[in-house]
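The compositional bias 'Low complexity' annotation in TrEMBL covers B:436-474. The region 'Disordered' annotation in TrEMBL covers B:1-30, B:436-482. According to TrEMBL, the feature transmembrane segment maps to B:46-69, B:143-161, B:168-188, B:194-214, B:226-244, B:278-296, B:326-346, B:352-370, B:377-395, B:407-427.
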Amino acid sequence: MKLELRGITKVFGTFVANDSIDLVVEPGEIHSLLGENGAGKSTLMNVLYGLYQPDGGQILLDDRPVQFSGPGDAMRAGIGMVHQHFMLVPPFTVAENVVLGHEPTKGGLLDLATARRTVREISARFGFDLDPDAIVEELPVGAQQRVEIIKALSRRAEILVLDEPTAVLTPQETDELMAIMRQLRDEGTSIVFITHKLREVKAVADRITVIRRGRVVGSADPSADQTELASLMVGRQVALTLDKAPAEPGDTALQVRGLTVTDEAGVTTLDGVDLDVRRGEVLGIAGVQGNGQTELTEALLGLQKNVRGSILLGGEEIVGRSTRQVLDAGVGFVPEDRTHDALVPDFSVAENLVLDQHRRPPFGSGLSLKLKAIHERAKEAVREYDVRTGSVDSAVSTLSGGNQQKIVMARALGRDLSLFIASQPTRGVDVGSIEFLHRRIIAERDKGTPVIIVSTELDEITQLSDRIAVMYRGSILGIVPGDEDRDVLGLMMAGYTVEAAREAVAGGARTTDTQLVDEGEIV
Amino acid sequence: MSQAIEGSARPVAPGTANEPTPPASEENARREDAATLLQRIARGNVLVVVLAFVFAFLIGSILILVASAEVRAAAGYLFARPADTFRAAWDAITGAYAAMFRGSVFDLQGFTRVREDLESRGGSGSYVWGPALLRGFKPLLETLTVATPLIIASIGMAVSFRSGLFNIGGTGQLIVGAVAAGFVGFAVSLPPVIHVLVCIAAAIIAGGLYGGLAGFLKARFGASEVITTIMLNWIAVYGLAYALTTSAFTGANKAQPTSPSVGENAVLPLIAGSQNRLHLGLLIAVLAAVFLWWLMSRSAMGFRFRAVGSNPRAAEVAGIDVGRSAIGVMFAAGALVGLAGGVHILGTEHRLTGNVAGSIGFDAITVALLGRSGPLGIVLAGILFAGLSTGGRFMESNQSVPLDLVQVIQALVVLFIAAPPLVRYLVGLRSVDRPGAPRARGRRAASPAAAAPAPSGSSAAPASSSAPEPRSAGTDTKGGTA
Amino acid sequence: MSTAVQDPARPAAPSSEPRAAAPAAERQRSWWHLPAGLTVLALAALLVFGLRAPVGRGTSFRIAAPGDLNPGGILPGDVALPAGGTAIVCAILCLLIAGVLWFFAATSRALGRRARIALIVVFGLLWITAFLAWAFSGSTVDLGSLLQTMMVLAVPLAFGSLSGVLSERAGVVNIAIEGQLLFGAFGAVLVGSLTGSVWLGLIAAPIMALVIGALLALFAIGYQVQQIIVGVVLNVFAIGITSFFYGTVMQQDPTRYNQPMRLPIISIPVLSDIPVIGRVLFEQNILVYLMWIIVAVLTVALFRTRWGLRVRSVGEHPRAADTVGIDVNRTRWSNVLLGSAVAGLGGATLTIGTGVAFGEEMSSGKGYIALAAMILGRYHPVGALLAALLFAFADALQLRLGTLPSGSGAGIPSQFLLMLPYIVTLFAVAGVVGRVRVPAADGEPYVKQ
């Protein structure tokens, strides 16, 4: 089916999310929509899927204008969507999720036998190994994504929209997903592939449309130069590397031995982790999301309950201490999800900046707050970090993602630290702010603070780290130098040990990413 | 006031006006250009409050008409003599509302009677006006008396609402506080001043512990405070009923389910003459309001309460003990409500009965909402609601319109104020907004479903929510919408 | 609305393959809750019911009443047992069951779900027998009439909690059950009296309760007002308005507006003469039969039909439901309305079901007990019914014990039994007997972009 968007405009308040966007997706092509976080890609697709009503413009399917008042209409017209945040009902089974909304019935009752058959048939076509009776919330994310794909295909979608589908996948899973996309394309399905990862676009797309600040700024085919695409996407020349002096590591400040965490259900989520971090170095922790990184940082912060093993910070044991005591020991922490874990949305910028410091002078005595000192601190931080806000009394939820992240960073770095931990320090942040935040992190390192960076973005890890630890299934598979071969890192993220990964790479193993490197397209 | 209950999943929006909440800024931004002056006025909160009262009283009028036998009799021959119907209707409504005013604010008849009486005895000047005014404002003083425990209890409610907890347990905490104060009041004998202070302390501690129990269940087991406090209400009700069958509480007269009066030293002194019931509790109410202000906007503890209420997970990560905060909030809330119970017993009731709490516990919820959980708002709303009930009581005896009418009006006021779009719709300003119009809101923010130790969700998350969030002008980026 | 069970940080699930299920050896951390709870109860039974029962006094259990179907007198009329002895024996058996559960839990051995439930049911029966033997010592327990009272008291609770199940499964918190019951009771009598037909009253009850349902839906769904607040305020509103009309219109002319009338008893021949359970199950008015039907229909509908799947999806993840074309708010509206109508039937039970006139605040907190029953019943129609029966049993006991001749019985204050449902619920929401899984989106308004 051919899809055409003409002059789609969507306005939220005074903010134009989509400004007269034109897009044509031919039948049987993989069309990549490339853009930064916040460029308006998801908004556009939500308009297409009937979740938002456009303020202007037209949607045409096979050259016939259509109007969707809701996702139901879009689905009936043959559009399927795999959402970035999965639209699955967690306690339902795979089969129930797949048929939800178009349930087969028999004699007035749900016909789950037919539903199971549907799941099995589509699974067989793509080689998925899915139990139709598995409860979705008990499945790993990769499998949940497949449920989403089956859901779309079971509705005979002829246009499939994939919204940032690779964010949660390992490189291997990403390759499998790309194979599925190609198979679908060859069967005649049109695919819209939304992403901000240049490598993936180049690997799979037939055509590329770049969106920036709600507008189409250009289109390209996959042979286009990578840096060209990058600057098109960002709107200016980007430095893909970070200038930093070599680290001058001092003595060991943090010593982690045999750190093991079990969750409520008794499952071991962190398994015997050993780590050392020295003063003045950045230890990067790489790995696919959900391999124990969250548990590691939370255990360091005293946020996990069942912790065994030892964490020595400056020679003092901090296992068993409360979060407050850990923070008091001089640990600065940037959590992975700022809106969920770091900021109090109703609080002002000033209040958020002292959230973890409000008990201590100069911001408060034990009993009451020193509003003046809090205000002064906020003004200083806003100036230093160039936070764009009307006033330090504005609610933090009115700020953009990049500015919010600056506040989280300013709070963590606002005092002398014995350890700095930043998890996903630049997730969902625009390129300009990324550079700034990265420089701040390196500056902290150069002050002699030991730094731990956790990121699922390999680029970020390799740019910042002096050493890299790769986590897989709750353990550290190995610690390698900061300039380790990307292929080795990629394989380690998939569960190879250092030796095995190096051997495999030496023997010619390649991930999709590095094939492109070889072709000289990635700097 | 509107955004307070309509705007977010939190019970009450942050009190101060200079903290723009995202829904407000977004809505304003979206409509700025299209807004006419009329609409801008219509959007104002004051107008919504006024209109809410107008509509509530209009509906109340309809109820009066339906209930009035005279009106129904006259309506029987409506077409023969329509004027009769209208006159009967007018009389019924004005009679009822005039009685309400007379019973709650100023009693002109009483004032005139005293004045004429004194003048006929040759008095003049302040010798006449003083007593006459005191007599005239007797209803207002009674209103303040009724308002006293209501205000204190509402302040307790406000502490929990502003900390993201729904304390529905006013009745239970009030009873426990009243029982503690009452028991110490009649079972113990202490010197003046000390006795009343000890009674009040007992009320505070008992209420605090009872509220804290719900906080503990939340902190330790993740039990929703909505359910536990409702259950604790009934447990307290039956517990009191049981206590009043025991000799420890009923004293000599075991057949009568009332306690003896509290000792003389335990009574809160009257402050407006022996003719009026107004007592020193009013001062305690004012102090409680000041305490609320200090706690929520100046104290470190209130800072933590609010942080946990808005985003428990972020608070936890910042080293705030979420469980302890939940217990603290519920203790503080329960202590204040318990104090209200104590003041009620020591100031007004003097003895325990099975129905000592009345409806104060539930009224306090509505008053706290009406007052936007702010100190000044609560004091005003408390006096307003107290006026409605004292006026209603007078109306009941004077015009035989049941007091329940007041309850209906109070409920309607809160409903209307909670849904400003409905009010605007009713006055024909439909274009301002529609029900279900797109509105960004704190998703799951401090939702009662979110147990304290399980910070399941809490973010009015611009970047993580799938809804695109408009940014204020001048910022360099937009959040993660793509 | 109750214990939230979402896990904030889902544990690391390596994405390459499904996380292996926790090995059997790793017990749930709450594994000891159930056996420990039962042990405490059994010990309490032993110490209080058994050892504190008056020595030498007996308790009679009336099984077959005269006139019951009792061919050849197979069943004894009254069974007289020693109070203390019976309680001690039952309590020891209870301890044994608790011991068995300890064994299975501690050794992580799988005990079939059915076997577990059977054990718990037996435990419950034994415990209650011990309690009855103690509480009624020196008197007679008429089991049939006790159960009959229970049934009458359970019906409004069951209807009320079904109302809660309907709306909360769709994600709308329903604190307004009390108001719905009250409106139902009021409407049934008013219309019944005005028309002189108790059947029209029966029809009017759900329609009247729809008013509260519609207001709840309008404010909670339409205007997205905080749902707990709407519920609380609507209860105040319902009490106010019914009391107002009771105090005016009904008082002015009770024969016209507030006539006590009663739905006829439909007795099923033969079956209704079965001892103990016959009258309870087969000699009731239509509302009781309706309750059974609604519970059955709702159970099937919620878990076996398209409608039920959609309702549950709306309560769990409304956005996901929306993306597959389900109208979230319409589903919520219809469920809230349906629920309030069901609660209206429960209200009718209070007046025309039991043949009394309307009285001020006659629901007297039953709506809140219904709410508790819904939670204890884990948002499941059958569970809600069982919880309603349990709470009603406590209430029935309280009434029965109140009429014991002085000098007999254990002298349990009626207030304690009245408190019981609330205390049980307190323990339930605290997770002592396993966590209650709340619909994930319960209480959250759904806003389309």
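The backbone N, Cα and C atoms fix where each Cβ goes, and this holds for glycine too.
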Selection from B:226-244, B:278-296, B:326-346, B:377-395, B:407-427, the stretch that has most Cβ pairs under 8 A to the transmembrane segment (B:168-188): B:326-346
Annotated stretches the transmembrane segment (B:143-161) and the transmembrane segment (B:278-296) touching (3 or more Cβ pairs under 8 Å): yes
Annotated stretches the transmembrane segment (B:407-427) and the transmembrane segment (B:226-244) touching (3 or more Cβ pairs under 8 Å): no
Annotated stretches the transmembrane segment (B:278-296) and the transmembrane segment (B:377-395) touching (3 or more Cβ pairs under 8 Å): yes
Selection from B:226-244, B:326-346, B:377-395, the stretch that has most Cβ pairs under 8 A to the transmembrane segment (B:194-214): B:326-346
